[in-house]
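Let me begin by presenting the structure, written as structure tokens, before commenting on it.
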Amino acid sequence: MIKIISGIQSTGSLHIGNYLGSISKNINLQNKYQLNLFVANLHTITVDFDPTQARQNIIELVKIYLASGFDTNKNNIFLQSEINEHAALGHVLLCHTTMGELERMTQYKDKKQKFVQSNQTIKIPTGLLTYPTLMAADILLYQSDYVCVGDDQKQHLELTRDIAIRMNKRYGELFKVPEPIIAKVGSRIMDLNDPSKKMSKSSLSKKGIINLDDSREEVLSKIKSAKTDNLNKVNFDYKTQPEISNLVSIYYGAINDHFNLGLKSAKFNKALDEEVVPIDIIKHFENKSYKDFKEELFELIWNILDNIQTNMKKITDEDVMRVLKSGKDKLLPIAQKTLLKVYQKLGMVI
């Protein structure tokens, strides 16, 4: 079976951008492929974090995946830090990467500006620079066919492929070179009140974020107050109508979510496995107002959140521990086999 690897950081307080941009897409893939999903808690510590919340954040993240419909009978979820081969292979890959390659990463360039000191020096955590090689290890360790990443991780995946090709050429076949799965629409959900900024829990305005644990009233209020323009015409063009285009992107992700299959069929007369695309949404709301659009958007978003919140109440911490152990037990032998092969090719085994 074709295998996909995907990771998500356990930073707490997940929002609809996290869900539609990553979780929902992973859930939709799991019936066609074997999905190996890891909680990327080693990546979480590359920047400032709260160790007192780390364990609970992991538990909550796994609960959300299970509540969202992650099928552990066919797929695996595991904790990155429990498989030491991630860090070990990460070091090997780091030794086959140049400083120039790492410093060219756009995310590194953007994030390092946050560490400018009062005297204009920059105090950058080393983990921020070396993040891409650990990510490369996460991917290459399991010989996956595809990797599901967000648009903002595309450059990191290109570096991963470069490293794999480089090492395969030098040492012989070590790694399968993975192909990306990157959604063209909906992989990057923007703030409801500022479509120039990615939806983030660190946003100054909480009205721009729909959290997965928001109440019905909170979701309704946030969608009603979401910024639009004065054209009152549903369209999908980020250059001319960025506000409504962002909401259409959210609608697109929500209508194609597995929790909304019934609503998709009723509203668009689509087969269960047939995707609603932005042009369908524009036609659906032709001659309708933004008010009509927001009412339907609320219906879709709340149906997702209501299902997740209801399912979450049934999942215990013990369920999480059992699922993580099962995932580790299945993935550890694969990781060990890959790392041993690398060590042997590099002459590191006596």
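Positions of Cβ are set from backbone N, Cα and C atoms, glycine also.
Together with Gln9, Ser10, Thr11, Gly17, Asn18, Gly150, Asp151, Asp152, Lys198, Met199, Ser200, Lys201, Ser202, Swiss-Prot lists one candidate of Ile27, Ile139, Ile163, Ile189 for binding ATP, that being Ile189.
For Asp138 (L-tryptophan binding site), the nearest neighbour among the binding-site residues Gln9, Asn18, Met199, Lys201, judged by Cα separation, is Gln9.
Of all the binding-site residues listed here (Asp138, Asp151), it is Asp151 whose C-beta has the fewest other C-beta atoms within 10 angstroms. Mapped onto DSSP helix, strand and coil, the motif ''HIGH' region' (10-18) counts 3 helix, 1 strand, 5 coil. Look at the Cβ of each of the binding-site residues Ile189, Met199 and count the other Cβ atoms within 10 Å; the largest number goes with Ile189.
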